[in-house]
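One structure is given below, encoded as structure tokens.
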Amino acid sequence: MSSKVDIDLYEVLEISSSASKEEIRKAYRKAALANHPDKVPEAEREAAEVRFKAVQEAYDILYDEDKRHLYDTHGMSAFNGSGEPGMGPGGPDLDDILAQMFGGMGGMPGGMGGMPGGPQARKPRRSPNEEQKYEVSLEDLYKGKTVKFSSTKNVICSLCRGKGGKERATAKKCATCDGHGVKQILRPMGQFLSPTMVTCSTCKGQGEFFSDKDKCKKCKGHKTTEAKKLLEIYIPRGAREGDKIILEGEADEVPGQEPGDIIFHLVEEEHPVFKRAGPDLTAEIDVTLAEALTGFSRVVIKHLDGRGIELKHPKVPGQVLSPNQVLKVPGEGMPIKRGDARGDLYLIVNIKFPDETWKPTPAVLEQLREMLPKPDAPIPVTTVDEVEYDPKGNIEDFGAHDPEGGSAWEDDDEEGETAQCTTQ
Ligand SMILES: [Zn+2]
Ligand SMILES: [Zn+2]
């Protein structure tokens, strides 16, 4: 059954491909009688049934002039899966295979409107979309951007208009695959040989081809040629990661199909200063200790469009900034697509305390102590120990050297009996 794909209807009826209608009818009667399941011994019945169905099918197609022409030009792929009699269940659905392998271009041009429920109804009429990622900086997403680039794509050959051959030439059916564009081979799957469909290498899946002298001079029979095209995409301001930019009909052209789209999926590049959450932005700003205490009026950050964002602090004299304090700037977030609204900007204050390079005199320190708020009342205790300490301790070491914790873990592992200690 699995060899149905390579079936030769003329062979089934044992006639030549130029047989007349009368010859076909006679051959059918003879073959049908010889293979009728009721006329063979029990043991041969199953095989006879298969042959009988094949004969019936061959006759149904070859005796009908339209169907015979279809078969001669396109092979069995024009009939499989169409509800035509005789193909029997369980065989591979060639139509599906062709659709998978070639996106529906397996030598199946139109012109079969007369076949109800024919396979062409399921053929995709567009060439496949081309999807690709497009990385965009946060600056470009903020401002919007037009990108021009040249793209090389396949276009229908302008000389033969996608035929692949010279004007008067006719394509020949590929004998290797009998016009199907695919062949069945036995491929090892584990210890078994499994029938697998592969693209016919002779016709490259087309099912037919022009002889060298008949090939179109321009596309050399490929039906398409490569062309450079200048394309332009517009990334609207406020666009986000995952947004799609679609260039309609700019995918590779395939003869007999509408061209698909090129689809760009936007990917937002990580930004060194700003982080984005939807319409809002956040960034850290550095403020010196003196500024945090006494105030400032200056540009604290360069925005995504290059503008300086100036803050005056404090609004009321005497207000100080604390570490990680959040300053919300309304309307300075990302633009929102379609419209003038914008998200908000959240500035997180990082206070830069003086480092070792600051060398205040004892007099200055004394002055500072006098000016700044006094410490709280002493902590009431009865015993006091003065201790040594490391001024450069590392919080990563916190809990990292627990001798008991470590050994307990190892013990559990070695004994492998933790399961009984269900409360652990
Ligand atoms: Zn051409
Ligand atoms: Zn072939």
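Just so you know, glycine gets a Cβ as well, placed from its N, Cα and C.
If you look up TrEMBL, you'll see 390-404 marked as compositional bias 'Basic and acidic residues'. Annotated domain 'J' per TrEMBL: 8-75, in sequence order. As annotated by TrEMBL, domain 'CR-type' applies to 144-228. As annotated by TrEMBL, region 'Disordered' applies to 113-133, 390-424. Residues or ranges marked as zinc finger by TrEMBL: 144-228.
Panel annotation: around the compositional bias 'Basic and acidic residues' (390-404), no residue of the same chain lying at least six beyond its termini places a Cβ under 8 Å from a Cβ of the stretch (none). The residues of the zinc finger (144-228), classed with DSSP into helix (H, G, I), strand (E, B) and coil, number 3 helix, 39 strand, 43 coil. When averaged over the domain 'CR-type' (144-228), pLDDT in the model lands at 87.
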